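Asks: As listed in TrEMBL for this protein:
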DOMAIN    11-255  domain 'Major facilitator superfamily (MFS) profile'
TRANSMEM  12-33  transmembrane segment
TRANSMEM  45-65  transmembrane segment
TRANSMEM  77-96  transmembrane segment
TRANSMEM  102-124  transmembrane segment
TRANSMEM  136-159  transmembrane segment
TRANSMEM  165-186  transmembrane segment
TRANSMEM  207-228  transmembrane segment
Amino acid sequence: MMRLTFSRKTILTIFMLGTFAVGMTEYVVTGLLTQFAEDLNVDVSTTGLLLTVYAISVAVFGPLLRIITIRFSPKPLLIGLMAMFIGSNIMVATAPNFDVLLLSRLTSAAMHAPFFGLCMSLAVNMSTPDKRTGAIAMVQGGLTIAVMLGVPFGSFLGGMLDWRFVFWFMAMLGLITLIGIAIVTPNAKPSEAPKLKQEMGILKNKNVLMVIAVIVFGFSGVFTAYTFKEPMISGAREYSIKYFYSPVDKALTLQ
């Protein structure tokens, strides 16, 4: 277990704030699609690409970026990934057209998988065996809270103010996280580069393939059901949505 200058709980809290910000960025667009369409002069159906591009980028570029950066020290890599997150959200907030918005979503998603993986890896390494599952749960809890509270709160901000303000808010969360990582995260040795052939060999396991299939079809169903719920509700009623129905069926308020 690595030596810590700051308390383990403080470090895990910073990691959880980071996963909260990243998770909110991923899902908050579901409550802002109508605003994107109206402000950037595109069809509502086209705005669904904001989720599609993000998902593809996480699946394709996330693992590749992790492989490329495997020999980097975790602390500066985390700082670099969070700087990438901040820059991407600023790109969204200042996007002059839909193409720039799509590009910013792609770059934001690319840091998603490496950031989560590094946070969980460090959380495990700084914990005793009996506390490792709790450390992973705390880091992953940031994503859970983002879905439960961050997404409806982001939709609320977008409805009360402007969708661009939502991404300025997330850039600010990213900046706080970056500063926290720079201050409290311990220095650690880079991970040993795994053998790609050995890593890919796990895909020969039928149980692993079954789990992957369940995840793919499960999340496909979730995104299919919820992506366009906000535009459908907006179109069905003559009201503006101030608090949107989140993926966990929370916080729906119509004005």
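Cβ from N, Cα, C; glycine included.
Note that TrEMBL annotation is computational and uncurated.
Are these features on the surface or tucked inside, and what are their neighbours?
Replies: Per-residue confidence over the domain 'Major facilitator superfamily (MFS) profile' (11-255) averages out at a pLDDT of 80.
Sequence-distant contacts of the transmembrane segment (12-33), counting only residues of its own chain at least 6 positions beyond either end whose CB sits under 8 Å from a CB of the stretch, comprise 44, 47-48, 50-51, 54, 82, 85, 88-89, 105, 108-109, 111-112, 115-116, 119, 122-123, 135, 138-147, 150-152, 154-155, 158, 163, 166-167, 170, 173-174, 176-177, 180-181, 184-185, 226-231, 241, 244, 246-247.
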Asks: In the same chain, who gets a Cβ under 8 Å from the transmembrane segment (102-124) while lying at least 6 residues past its ends?
Replies: 11-12, 15, 18-19, 22, 25-26, 29, 49-50, 53-58, 61-63, 65-66, 69, 74, 77-78, 81-82, 84-85, 87-89, 91-92, 95, 132, 135-136, 138-140, 143, 185-186, 188, 191
Asks: The transmembrane segment (77-96): which same-chain residues, six or more beyond its ends, come within Cβ distance under 8 Å?
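Replies: Distant contacts of the transmembrane segment (77-96): 18, 21-22, 25, 40, 69, 103-105, 107-108, 110-111, 114-115, 118-119, 164-165, 167-168, 170-171, 174-175, 177-178, 181-182, 185.
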Asks: For the transmembrane segment (136-159) and the transmembrane segment (45-65), does the number of C-beta pairs under 8 Å, pairs 6 or more apart in sequence, reach 3 or more?
Replies: no
Asks: With Cβ-Cβ distances below 8 Å as the criterion, list the same-chain residues six or more beyond the ends of the transmembrane segment (165-186) that contact it, or say none.
Replies: 2-6, 10-11, 14, 17-18, 20-21, 24-25, 28, 32, 74-75, 78-79, 82-83, 85-86, 89-90, 92-93, 122, 126, 154, 157-158
